[in-house]
Amino acid sequence: MTMAMASMKGENVTVSAAAAPRMKKLASMLCMKGGNGDGSYLNNSQAQALHARRMLHFLEETLDAMMERSSSDKLFTAADLGCSCGSNSLFIVDVIVRRVSEAYESRGRDAPEFQVFFSDLPSNDFNTLFQLLPPLLAPVAGSLEECLAAGEGAATATRPYHAAGVPGTFYGRLFPGESIDVFTSTFSLHWLSQVPEEVGDSASPAYNGGRVFVHRATEAVAAAYKRQFQADLARFLRSRAREMKRGGAMFLACLGRSSGDPADQGGAGLLFGTHFQDAWDDLVQEGVVEGEKRDSFNIPVYAPSLQEFRDVVRADGAFAIDRLELVRGGSPLVVDRPDDAAEVGRAMANSCKAVAGVLVDAHIGERRGAQLFERLERRAARHARELVEKMHFFHVVCSLSLAP
C-alpha cells in the first residue's frame, strides 16, 4: 500500500518516498483535453453539465445550511477544486454567488465581495477556462442583482466576483489556514493521485497485466485501487479541514457505484473497461503496440461505493456528514440521434478522448493514440444500442461541515 490508511486519523497522511515521484509525474500530465477541438473537454462535457444541474438542489441546500450558521463577512471566498477547462465550473460558481447573495439580502444586508479560486493540476488548460470568464462587474455596470439576473454560467454579461487560478493537486494543501468559506468539487475526486504501485508491478499479486482499468480485474487489483482511493480521500479531507473557515461548507460529487464489489465499476466500467479495453487489445493484436505497453497503462479512476466514502470521512473525523447520497445520473453520451450508431460511436470515442486522451498520448504517442480512439469508435458503433440503453453513471453526492 503506497499511502497508509493507518495514518488517516492523524494530522497528516504520509506519502512514501517511492510514491512521491509517481504522483508528481501524473500531476504533471493529467488533465482533461484542452482547447476547443472535437475531442476537447470543452466540447464533450455536456453530460457533466446535465448531471451538475440535476444536483443543483443539493448544492443549494448545502449553501442554505452554511448561511444559517455563518457570520456575515464583507468578503466571501469560494474554491472550486478540479475546475477543468469547461463552463461547468463557472455554472457552479454562479449558483454559489446567487444563493449567498440572496441569503445576505434576506437578512437586510449588502451582499459581500466575492473571491473565487479555480483550482486544478498545473497541466490543466487554464487559458481556455479563463477565456470563458465574462469581464468583471464594473461599479458603473449596475447592481449585483442586475448582473445576476442577466443570465447564468458563461452567458452572464459580467461576473460579480474576483477570479484567480490556483494550480496544484487537491490531495495536498492549496490555501492558507481558515481562508475558504465554501469548497466545491464536482466530478473530480474519482481521479486518483496515482495508479497504485502494485498494479504496475509484474511481480505483485495485484499486477493488472492485460487490462487497463480496475473494472473486471482481480480481487487483488480491486483492493489496491480501493486502498489508493481511501488514502487519497483522507489526504484531501485533512487539507480542506485546515483551509476551511469555521462555519464553512464543502459540496462534493464524484463517480460512485451501486455494487459492493470494487471490480464492478458500473458506468465507469462501461466507459473504460469494455470497448476502451478492447480497443487496446486490437492494437496489440495488430502489432501497433506491444503487449507490455498496454500492460503498463492503467486508468487512475476509482468509483467508490457510498459505504467506502462514508468510512473514510468518519475515520478522518474532521468533518460532519450533513448529507451523503448515491444518486443515479444520466449517460455520459449526449447524442441528438440515439438510433444513429455512428453518432453514438463518435460520442463514446470523444468522451473517452476528452478525459483520458492526454494520458493515452503521453503513453503511446499521438499517432497511435488516434488509432486507439478510431478502434474505440468503431467498436462503440457496433454496440450502440447497448451503450445507449445500459450506460449510466451513479454519483456520490456529499455535503460536509467541520465537526464540532
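Positions of Cβ are set from backbone N, Cα and C atoms, glycine also.
Here the Cβ of Phe187 (S-adenosyl-L-methionine binding site) has 22 other Cβ atoms within 10 Å, regardless of which shown protein chain they belong to. Marked as S-adenosyl-L-methionine binding site by Swiss-Prot: Gly82, Cys83, Asn88, Asp120, Thr169, Phe170, Tyr171, Thr186, Phe187, Ser188.
Applying an 8 A CB threshold to same-chain residues 6+ apart, the list for Asp295 (Mg(2+) binding site) reads Ser202, Asn208, Gly209, Gly210. The Mg(2+) binding site feature in Swiss-Prot is assigned to Asn208, Val212, Arg294, Asp295, Phe297, Asn298; the stated evidence is similarity to another entry.
Other Cβ atoms within 10 Å of the Cβ of Val212 (Mg(2+) binding site) number 23 in total over all chains. In this structure the alpha carbons, written CA, of Val212 (Mg(2+) binding site) and Phe187 (S-adenosyl-L-methionine binding site) are 21 Å apart. Distance between Cα atoms for Gly82 (S-adenosyl-L-methionine binding site) and Arg294 (Mg(2+) binding site): 27 Å, as a whole number. Note: the Cα of Arg294 (Mg(2+) binding site) and the Cα of Tyr171 (S-adenosyl-L-methionine binding site) are spaced 27 Å from each other.
Same-chain residues that are not part of Asn208, Val212, Arg294, Asp295, Phe297, Asn298 yet have a Cβ within 8 Å of the Cβ center of the Mg(2+) site turn out to be Gly200, Gly209, Gly210, Arg211, Phe213, Trp280, Ser296.
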